Amino acid sequence: MLDVNAFDKLKIGLATADDIRGWSYGEVKKPETINYRTLKPEKDGLFGEQIFGPTRDWECACGKYKRVRFKGIVCERCGVEVTRSRVRRERMGHIELAAPVTHIWFFKGVPSRLGYLLGIAPKELEKVIYFASYMVTSVDEEQRHQDLPDLQDEFDHEVQNLERRRNNEIEERAKKLEADLAELEADGEVKGSAKTKLRNGAERDMAAIRQRYDDQIKRIAAVFDKFKSLKPGDMESDVDLWREMEDRYGDYFEGCMGAEAIKKRLQDFDLEAAAKELREEIETGTGQRKARALKRLKVVNAFLTTDNKPEAMVLDVIPVIPPDLRPMVQLDGGRFATSDLNDLYRRVINRNNRLKRLIELGAPEIMLNNEKRMLQEAVDSLFDNGRRGRPVTGASNRPLKSLSDMLKGKQGRFRQNLLGKRVDYSGRSVIVVGPSLRMHQCGLPKPMALELFKPFVIKRLVDLNYAQNMKSAKRLVDRGDSEVWGVLEEVISEHPVLLNRAPTLHRLGIQAFEPILVEGKAIHLPPLACAAFNADFDGDQMAVHLPLSAEAQAEARSLMMASDNILKPADGHTVTMPSQDMILGLYYLSTVIDGAKGQGRIFSSLEEAQMALDKHEIDMQAKVLIRLPQDFVLPKDWEPGEVQVIDPEPGSPDVVKEERFADGSVLFATSLGRILFNDTLPVDYPFINEQAPKGKLSKIVDDIATRYSTQQVAATLDALKDLGFTRAPWSGVTMAFSDIVAPPDREEIIKGYEAQAAKVNNQYDLGLLTEEERRQELINLWTECTDKVAEAMRENFHDDNNVNIMVQSGARGNWMQIRQIAGMRGLVANPKGEIIPRPVKSNYREGLSVLEYFISQHGARKGLADTALRTAESGYLTRRLVDVSQEIIVREEDCGTTHGLPMTVAERDENGNLVLVKAADGGPYSRLLAQDVLDPADGKTVLYHAGDALSMDVLNDLVAHGVEQVIGRSVLTCESKRGVCAKCYGWSLATNKLVDVGEAVGIVAAQSIGEPGTQLTLRSFHSGGVASASDITQGLPRVTELFEARTPKGEAPISEFAGTIKVQDTERGREVILQPDDDSLEPITYQVTRRAPMLVKDGQHVDPGTQLVEGSVDPKKILRILGPRAAQMNIVNEVHDVYRSQGVDIHDKHIEVIVHQMLRRVTVIDSGDTDLLPGELVDRARFREQNKKTVAAGGRPAAGRPELMGITKASLATDSWLSAASFQETTRVLTEAALNEKEDDLKGLKENVIIGKLIPAGTGLARYRNATVEPDKAIRDTIYPNFGLGDGSLGGDLSDGDLGDVDFSNIDFGDLKLGDDFNPDDFLDDNDNPVDFGDEFRIDPDELK
């Protein structure tokens, strides 16, 4: 087989008949598959062993040669080569067709490539191919021109002859009439009626004679006229006329029906002349003609610039794919199940053989044509069943799967087998929580671990002499002997495994853990990893994968460990957060209760306080004063305060004060719980002396993540988790029915609002309010009522109420849910998303009435249906995003651009002070500066230089200096030829360091946008009747609309030019008229609805691109009026707004990566002196390069306009045909690629996955492939703590004397596996001679004695 690393490009083209014969190992002549008695393949049939190879390894068909020693021999009896049976997966055969057939992809595809090339309408082409029309293939112009005068004379002569004969016959008939009349008169009967009858009969006969001869003359005139103007490519569907022409003038032209005619035309087709003619037509033509000429020129050009031959679109030979790819298997009842392809091939072979026989018998043309048409149809259905006419069906009327269907869709070859392979060394099981596991550990069930690590265990058993060979070791493992488990423990230690939970929506869906063996059959997952996987323990399952090679293990350990993946790549916030019980425990510890037992007592040390707690002298939540040492880190901005003493001793003060002593120690007021809580945080972290609900905890963890190494953050999180779980039961928080307290004045509040509602209804009845106004009034009333009840309810909850603690701490639930249980349910929406003006006054604690239940359920069920739809919709969006951006990889450190985007860092608050912008962490944060930032105070001092990173600290500093805007580098302004550069991308949000070269930022971006897609609503809930909100698409459909660059629903117009606005109302609505400043331009009228809120006033002056009314703007128009940068920024901001409105944080840089791909192409308007074609879509980089070359050679560059493409279109327009074909419209993409002989240079990820190469991203890049793995300092310090050696550096001032008293001879180094990595070849040079290490490594033989 071909080695995937042996090539770096993949080209697709049209195969000629010789190519197909070259691939083939023999011709398939019979339609038979296997013999039903012997179950052996039939000779020369579709499964023949002579063609495709033996069905059994190293055995020929007749059994003469068996065993591997006859390898390569071809049996003289049965003609089968002795080889492995797997060649039946790769050897092809072929069928020699008795008549040529066209390839349906090139004839029936849209547009029809054959039709474009020959300049024939597809309908006409179809008539020729399916034997309904004749086609002229060649005309002997010269001979015809020479003989035309003679032929004209001949024709005139024949016409005269016919006219003469006609006149003669008519004359004879007239004479006969006269004779008949005379006879009548002679008989004496002179009745008028008899004469009339005779005359009428004679006239009828003469008219018939005249008609007959006229038809003949007309016929030969038509034949002659047709012949005179005959040219190749002419068609004739009148069979009689064609035959007449063939009989008379057959020497001067040739023509036929079917694919044969097409083939002859293609062989004689002059591409150069056609291209020249089309170019002229493009220059002179207009409108439709020009457009068609452009399209035709593309096809003609494709053949001119490649090695493809046009006649290869017509097949004389068709390939037969290897039999193991279209297998036939025996079922239980002796019946056979077979691949549909075998039926389709069988039809082709049957019809082909019948046609051969008819040709040999010399059958008449009509029979041959019919058989040829059937053969064409059989080949069509083999290649693409159902593309033309009714599909061929199998049993139970199911259309058969053709070769095209094998490639297409989710179940096709591309997506099912090439992009979605099954993986060995993997298992799956249900997950349960492992509260005692560290963040980097997972529990693996013993049986699963044994199966996964089997090869490793077997090798180790043999190494340790528990078994003599692998076979007996395997038996030991299968029996599960006691020594096996010990070896398994040893094998799995420090061998990470990967855990994956479907759906893998972002890269945190697969992480590495160190396995710990556990009993049972469930995988144990550390609770802190749940958020990243979006896992819970209600029956979720997870898959385990085993990295095998040392490189894979190193990669898993250094890049994928769960303890290293603490930040979310979408926004840079911590994804690993304490939750639920942990929060409850930590909240309990950090709460101080006023008046708790022991408040105000003073302790001389922490130990003393702990002792008092153990003796129940003080409460854990009591505020006490403890003297703490000088290295204690006080809270930020600490000022000494005072504490009230509870039950003071007689004569002692009732207030005690905090103070700092001369020795640096400090008397500090806090609770013992808070000290325990702070013990888990890093030693030098400022003391947190306040209550820590979820929000506060989140801030603390985020802060620690920015200040400390990942290892320290992971350790802190683990400590917080342990403390939280340990202390949660201490808090005694449980939930009972009695904890849900309804507010006592609930009924009163509701009664008051009922009276107001009655008043509103009364006004409606009197006609004072419209239906819409009443509805809005009621909605406002009941919303106010619900809020009042909720407020009363919150005030009624006591601080130590269990439900209150859960909500306040952020452990579970929110006030809205509690309001529905204890307060009132309030207003609900119907399935349309409109609010029903009748409120649900009951709550769930007391139960709903029937009517209330019904109106509640309606919207609730709709919600569930919506969620299911949303998941699918969001998954499809992610798939398109990944496809469009998968080739964006950080390719270089710096592209050298000086451009960037203006970014706002500060805004004014309501008091007019400068504050950091709200979306700073999703905009300027984590980018590098493109230009120096000057101090606004003097305009000279450089605060930060170009290339500095904008961390949160830097941003705050800029705001403090009064800087409002900076120029930051962005993916949109990056000038890398392929992908993007690290400096334009900025920090990787998952590490808070500059992104590494090789990072697949495109896929990270797609996942970051797609992953929260399910959280976006499918439709906006609107409070019925508010026009502005309801007309604008929101949520997921809005994101799709933006990324697909569609014209938005409810589009808002923008001004085309600078000018003055005039607003006037008309009968139909409202008109906004723009009077341009430039008088040469006509005024423009925009029709808008009266409901749409205006953004401009009558008489206002506007700039180009100003939005006139509220609504969504069409990005294509922004591109046209304001240019590409404005269009890009519009899409980025709009997408960001949709996510922000749903409370989802995504960094703008991810959206920019996608938008960068949407504007990658340029439409050529004028090709200048380049090789580009007008109207062609080309990559911006290629466009620039072509122009550079042309200008350098002194030519005229091409002109083009940037093209905004939706993500689906952009994916299909990618340079990689493998990637495009595996996305959508597979057959169309492959047709196009084959015609243009496209080369895929395998630069993206998909194409490499498809052919089975390492992806060119991450550690797959050449620059990382030869790297050596060493632990970094932080890890080294945690593995090898300094054992008091000198100054703390490892082996600081270590001298021989320090170890003088160590007896090395008695130390057992057994477990250290010293010398495992020792390779004797390291001491040999390239020619296998010992390496000379120079003098310092020379050993004097005397020293060894």
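Glycine is no exception: its Cβ is also placed from the backbone N, Cα and C atoms.
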Zn(2+) 2 binding in Swiss-Prot involves CYS895, CYS981, CYS984; of CYS785, CYS974, the partner in that site is CYS974
Matching range for Swiss-Prot feature annotation, region 'Disordered', among 149-169, 380-400, 1325-1345: 1325-1345
In the same chain, outside CYS60, CYS62, CYS75, CYS78, whose C-beta lies within 8 angstroms of the Cβ mean position for the Zn(2+) 1 site? ALA61, GLY63, LYS64, TYR65, GLU76, ARG77, GLY79, VAL80
To the nearest Å, how far is the Cα of CYS895 (Zn(2+) 2 binding site) from the Cα of CYS78 (Zn(2+) 1 binding site)? 65
For CYS62 (Zn(2+) 1 binding site), which DSSP three-state class applies? coil
Which of these binding-site residues is closest to CYS75 (Zn(2+) 1 binding site) if you go by CA atoms: ASP538, ASP540, CYS974, CYS981, CYS984? ASP540
Among CYS75, CYS78, all listed as binding-site residues, which has the most CB atoms within 10 Å of its CB? CYS75
As a test of the contact definition, list every same-chain residue at least 6 positions from CYS62 (Zn(2+) 1 binding site) whose Cβ is closer than 8 Å to its Cβ. CYS75, ARG77, CYS78, VAL80
Across the binding-site residues (CYS60, CYS974, CYS981, CYS984), the Cβ with the fewest other Cβ atoms inside 10 Å is that of CYS981
Taking the Cβ of ASP540 (Mg(2+) binding site) as the centre, how many other Cβ atoms fall within a 10 Å radius? 17
CYS974 (Zn(2+) 2 binding site) and ASP538 (Mg(2+) binding site), compared by Cα position, are separated in whole Å by 46
So of all those binding-site residues, CYS60, ASP536, ASP538, which one's Cα sits nearest to CYS981 (Zn(2+) 2 binding site)? ASP536
Between ASP538 (Mg(2+) binding site) and CYS60 (Zn(2+) 1 binding site), find the distance joining the two CA atoms and give it rounded to the nearest Å. 56
Cβ neighbours of ASP538 (Mg(2+) binding site) where a neighbour is any other Cβ within 10 Å: 6
If you draw a 10 Å sphere around the Cβ of CYS895 (Zn(2+) 2 binding site), how many other Cβ atoms fall inside it, taking every protein chain shown into account? 19
